[in-house]
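Annotated in TrEMBL:
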- ASP121: active site (ACT_SITE)
- ASP139: active site (ACT_SITE)
- 6-27: transmembrane segment (TRANSMEM)
- 39-60: transmembrane segment (TRANSMEM)
- 66-85: transmembrane segment (TRANSMEM)
- 97-119: transmembrane segment (TRANSMEM)
- 131-151: transmembrane segment (TRANSMEM)
Amino acid sequence: MIRQSGVPWLWLSVLVSILDIFIKFLIMKNMNYGWLGRVEILPFFSLLYVHNYGAAFGFLSDQSGWQRWLFVSITFIIIGILIYWMRFFVLQKYSSIAYALIIGGALGNLFDRICYGFVVDYLYLYWRNYHWPAFNLADAIICVGTAMVIFENFYKKNKN
């Protein structure tokens, strides 16, 4: 099999990050912050503008601010590793798309951390007394890309 670089798929990363940043801009400009400003869309889904100073599920959000630069550094490292893998190790278009999605989501959240000191979250899912922490498009896209990587690895193992 001829090895092709996955780098040309980075256009997808740029598209995802621009879309994410644009949506967050609209949320910040047009919504009131916090619970009282939420907009119910469906009986299980609302738009809820909140700031996340931590990582996933608000991890380390109660710290004094040092975590901002830790998460910025980790994000740069992960993006660098994924681009390196795309350049030298990716054989399949599927992997390139998965990595590009992860990079795009990471760039969207990285922009927030650098510019604002927090990540803007606005998607809020719940069912009766069960509530999922608010998240954003970038988080969802990172999850989709990660699921694609996991699925591909299981598929490869089952194929062999």
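The backbone N, Cα and C atoms fix where each Cβ goes, and this holds for glycine too.
Note that TrEMBL annotation is computational and uncurated.
Under 8 Å from some Cβ of the transmembrane segment (39-60) lie the Cβ atoms of residues 27-28, 31-33, 67-68, 70-71, 116-127, 133-134, 139, all in the same chain and six or more residues away from its ends. According to its DSSP assignment, ASP121 (active site) is in a strand. Its own atom aside, the Cβ of ASP139 (active site) has 20 Cβ atoms within 10 angstroms in the protein chains shown.
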